[in-house]
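In what follows, a structure is listed as C-alpha cells, so that the remarks can point back to it.
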Amino acid sequence: MISKLSVSPTFSPSYNIIVDSVLDFSHILEYVTNKQVLIVTNTTVAKLYLTKFLAALVDDLDVNTCILEDGEQYKSQQSLDKILSTLLENNFTRNSTVLVALGGGVIGDITGFAAAIYQRGVDFIQIPTTLLSQVDSSVGGKTAINHQLGKNMIGAFYQPKVVYTSIEFYKTLPQREYIAGMAEVVKYAFISKDFYLWLDSNRDKILAKDSVTLIEMVKRSCQIKAQVVAMDEKELTGARAILNFGHTFGHAIEKCQNYRGLKHGEAVGVGMAQAIDFSHYLGLISQQQAKDFKDFIVSFGISIDFPKDICQKEFLEAMLLDKKNSNKELKFILIENIGSLSLQKQSKNELEQFLDISR
C-alpha cells in the first residue's frame, strides 16, 4: 500500500512525499540515475538499513557514504564539515551530485543544509526513518545545524527532490522515539480541528500501530504541513509560524540540557503544555480548556512534565534566543481553541511572571 501527496512550496519546485507500507528503496532510483550519490546516515541506521539501501541501487552508480554519530549533539559544524569534506575529497560536482539523507531529523536537517551550501546548491533526497522526521523535519525545506548558543541557528530553506518513507521503519524504532514523534503529530491536531477529531477517534489503533491507520496518520500530518508551507515557505508572512507550536519552550529545554536530555519530540510535548498554560495565564483559554488540551497530549503516551534539572534563569535566557523574536520582542505561538493558533508578542516581564507561578 502506497500513499502519495505533493508539496508545492511558495518559491521552490513541487515534490512528492511517498509513504509506503513496505520498504522498497527502488522508488528513488529515478532521482539518482547518472548521479554521484552520497548517502549520509548515522551509526544506528547504518547497521539496520545501509546494506539494504546499497543493494537497491544500480551497479553503475558512483556511491559514497558518510556515517555520523547518532544524537542531537552531533547536529554540529564538525559533522557538517565531515559531509563537505567527503564531497570535496571525492570530487562531487554541482550538476551530478545528489545527497541522500537516510535517518531521522538530525540526519535530514544536516544533510539538507550541506546540500544547500555545497557549490551553492545540489540535489538531495529525504528518507526519514523515524516518525518525527516523517511528519515534520523531512517536509517543508528547513535545514540547519545547531550552535552552542542555540538550536537551528545556522541553516537555510532548501527543498528535497523527493521524500520516501515507510512505516516498516517502525519495526526497529524504539518506543521512546515513536512517542517522541507522536508529539509532532499531536501538534498538527491543535492546528487542524478535523485532524484533532480524527486522532481522537483513532487513538487505540495508533497506539497499537495498526498499519493502515499509521499510513493515514502520516499522510494527514504531512498534508497539514504541506498546506502551510504552500502559503509561507520561508516564514515571510507569519503563516508558517503556527508549525512552531510548543517549539519556543521546547527548544529552550533542549538548549538547557545541551541536547543530551529530552529528545526533540519529548521537548515539544513539554513545550506544548507550557504554551497551553501560558495561553491560560494570559486569559486566552479557560482552565478547563487547558486541562482538556494537556490531557489530549498525555493520552498518546507523551509526558508533559517539565525537567527538574533546568533552572529558571538559564531557561529564560535560552528562550530569549528564539529565532521568532525580533527587536527584543518575544514571540509565542499561543492557542485560543483547537484549530486556532496565533503568533503573539509578549514582554519579558510577562514571561518571567508566568515562569514564577508555573514552577
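Yeah, the Cβs are placed from backbone N, Cα and C, and that goes for glycine too.
What Swiss-Prot lists as NAD(+) binding site is 70-75, 105-109, 129-130, LYS142, LYS151, 169-172, and the listing cites sequence analysis. DSSP gives THR130 (NAD(+) binding site) a coil state; it is part of no helix or strand. Sequence-distant neighbours of THR130 (NAD(+) binding site) (same chain, six or more apart, CB under 8 Å from its CB) are GLY103, GLY104, GLY105, PHE169, LEU173, GLU177, ALA180, GLY181, listed in sequence order.
Within 10 Å of the Cβ of HIS264 (Zn(2+) binding site) there are 29 other Cβ atoms, across all protein chains. Here Swiss-Prot flags GLU184, HIS247, HIS264 as Zn(2+) binding site.
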Handout entry: Which of GLY105, GLY108, all binding-site residues, has a Cβ with the fewest other Cβ atoms inside 10 Å
Key = GLY105
Exercise for the section: Please tell me which one of the binding-site residues listed here (GLU184, HIS247, HIS264) sits closest to GLN73 (NAD(+) binding site), measuring Cα to Cα? Expected result: HIS264
Practice task
Other Cβ atoms within 10 Å is the metric here; tell me which of the binding-site residues ASP70, GLU184 scores highest.
Solution key: GLU184
Completion exercise
One of the binding-site residues GLU184, HIS247, HIS264 has its Cα closest to the Cα of GLY108 (NAD(+) binding site), namely HIS264
Fill in the blank from the handout: Residues sitting within 8 A of the centre of the GLU184, HIS247, HIS264 CB atoms (Zn(2+) site), not counting those, run LEU132, ASP136, ALA183, LYS187, GLY246, GLY250, GLY265, ALA267, VAL268, GLY271
Completion exercise
The rounded CA-CA distance in Å from HIS247 (Zn(2+) binding site) to ASP70 (NAD(+) binding site) is 22
Fill in the blank from the handout: Rounded Cα distance in angstrom between THR172 (NAD(+) binding site) and GLU184 (Zn(2+) binding site) is 19
